[in-house]
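Annotated features in TrEMBL:
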- 571-629: domain 'CBS' (DOMAIN)
- 81-101: transmembrane segment (TRANSMEM)
- 143-164: transmembrane segment (TRANSMEM)
- 242-265: transmembrane segment (TRANSMEM)
- 285-304: transmembrane segment (TRANSMEM)
- 325-345: transmembrane segment (TRANSMEM)
- 365-382: transmembrane segment (TRANSMEM)
- 418-438: transmembrane segment (TRANSMEM)
- 484-508: transmembrane segment (TRANSMEM)
């Protein structure tokens, strides 16, 4: 087994990650993901095409060959569209089922339908106006009704947490961060499988109905990506092509957002802006078609029997006025501040959760459900399911809409009551989002953010109405406070995700109000300015979670600065190389047993001139091939060649030359980091060989490049998410909780367990 000479300078930064658990935080999940070699995947795809047209280019094609080529193209095209159609239908059906079940479970917390238990409150009272006689509350006693509401909420949340823990831990969380990395070429086994799809689809309505301040839109992307993974794999052609599979994953993600927001074009833009790293025109069409089929299926199911795909879909007829622009700017500022603060404190809470609450995941969900339902019960905009609350807040007063928000009289006390209620709901929603997002159940942050923005926006709208009262409601010149709720929701959504075009189009498709595109663009533009100026610089919450959770991802939208460092500082020079000739079967077995590397450079003689690269999987495949071919044990001293073998020697030599990849990328050791980054981002190889004077000096893997950038950033800025002061605050919180528990146990007569006080100076 041959190794290149090792230098301490090039490997010192790697040892920095091994110092402690804290040092490993930036790369703690790297081992869960394996890297896709986009160059090899593209070569496989191209080989299929060139194999099909080779006879024609040589003038050797017959009519049968031409017919086979046409048939192959036709079958491939049909399979593509069939897979996309099945994906769209499945995603639409799952979304419809989740909507129906969520609404029924949400109503079940307050009562049940006497005539048909399976009906929710709206359908139970469909034929009645005013008070509904068929809907039966759980109790006439308000305190008992309150207790049952809390009990059912906690039960729903607990069941969801148990399902995730017992059957599919990967179903917990949002999933957008991981899907984004998988599409970019870092694959996590099992994250997009059948089990995750089933558990996520079952647990999601339970979580939403529990009242937790989490949404279903992020998880919608995850389960839609699961569909985009399992459906194409039913076709043999797609199961072996990661290039095709990544396009289906992107299309599924677009469909997931489309059904969540009733926004097919917004879903496509989301997949371009957030999910896909290198978006191709063919991927665009697949995303468009899949989103269309999914939205059409959901519309055909008509889950709410109102023609609406989502509850908060509204329509505005009145126009806006120029004096409102400063108010739109205020909403944009709110969105930017909301996004910065919520992302910052949520990540700190997630850090606390991972450090101290990882063994109490179900208890945490129970406590969150208990607190959310107990506190939120007394405020309508916290008690209602968030989409139902936004339906009320977005709505324009008039016609059949007679909510109490539209019956506010001109007395100051009446307006203050609603204003305080809305601001209270905003503050509490923000706090609940911070502590709830990231717990061990399916959870998203899109709709909770929109709900917080909607209550704040409606409060601003009430103030504007107070200073600009409506004289003639039919004149079309009145201020519509519902539009401020709508714009506040757009601001908060853009603030937390850092999306721009997708948010504008999603909000437009939700309302159909073309007149409000300009206000929406103003709000989102101001939000982006605030985020760019005062944000962390790591993007939206999904991008920040990628960095915080130590997931490998090379973001093509970021600027990558390596300062004055050279490629030699980053490369791996501890490389096991295999000679083109001179090895035996014993040597190959020894290399496989003693090392865990996934790729081995092939060098010619003692000159360290690379002639190709062989993957570990190919070495194993070659050994299995020769064992089956010879039907005997291979003698340990059998020669092994990784270069072309003369025909007369092939009986006595194991030739691995067909398994060697000669299509690899190389850079000179004096090349700029910018060149190296562009090779990895635009071409996508798994590794690049570094040469010095034509000889191999080392290799750089895609993960190595990401690790080196994280190392340099850590040297300059430290931990961007959790500081030493935060650690002290965490320790104070744990010490306080331990003391409270100690005293409670003492009061109830139980012998308290001795508690350990954490060292605040540690």
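Glycine is treated like the rest: Cβ placed from N, Cα and C.
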- prompt: Between 0 and 100, where does the mean pLDDT of the domain 'CBS' (571-629) sit?
  reply: 87
Query: When you check the transmembrane segment (325-345) against the transmembrane segment (242-265), do you get at least 3 Cβ pairs under 8 Å, counting only pairs 6 or more apart in sequence?
result: no
Query: Near the transmembrane segment (242-265), which same-chain residues lie under 8 Å Cβ to Cβ, leaving out any that are not at least 6 residues past its ends?
result: 36, 38, 41-42, 45, 83-84, 87-88, 91-92, 95, 179, 182-183, 185, 187, 192, 216-217, 220-229, 231-233, 271, 275-276, 279-280, 282-283, 286-295, 298, 308-310, 313, 446, 502, 505-506, 509-510
Task: Take the transmembrane segment (81-101) and find every residue of the same chain, 6 or more past its ends, with a Cβ under 8 Å from one of its Cβ atoms.
output: 201, 204-205, 209, 216, 220, 223-224, 227-228, 231-232, 234-235, 238, 248, 251-252, 255-256, 259-260, 286, 289-298, 300-301, 303-304, 310
Query: Can you find at least 3 Cβ pairs under 8 Å between the transmembrane segment (365-382) and the transmembrane segment (143-164), where each pair is 6 or more residues apart in sequence?
result: yes
Task: Quickly jot the same-chain residues contacting the transmembrane segment (484-508) by Cβ under 8 Å, restricted to those at least six beyond its ends, or write none.
output: 257, 261, 263, 265-266, 269-270, 272-274, 314, 316, 327-328, 331-332, 334-340, 342-343, 390, 393-394, 445-446, 449-458, 460-461, 464, 514, 516-517, 519-521, 523-528, 530-531, 535, 539-543
Task: Summarise the domain 'CBS' (571-629) by DSSP state, stating how many residues are helix, strand and coil.
output: 24 helix, 20 strand, 15 coil
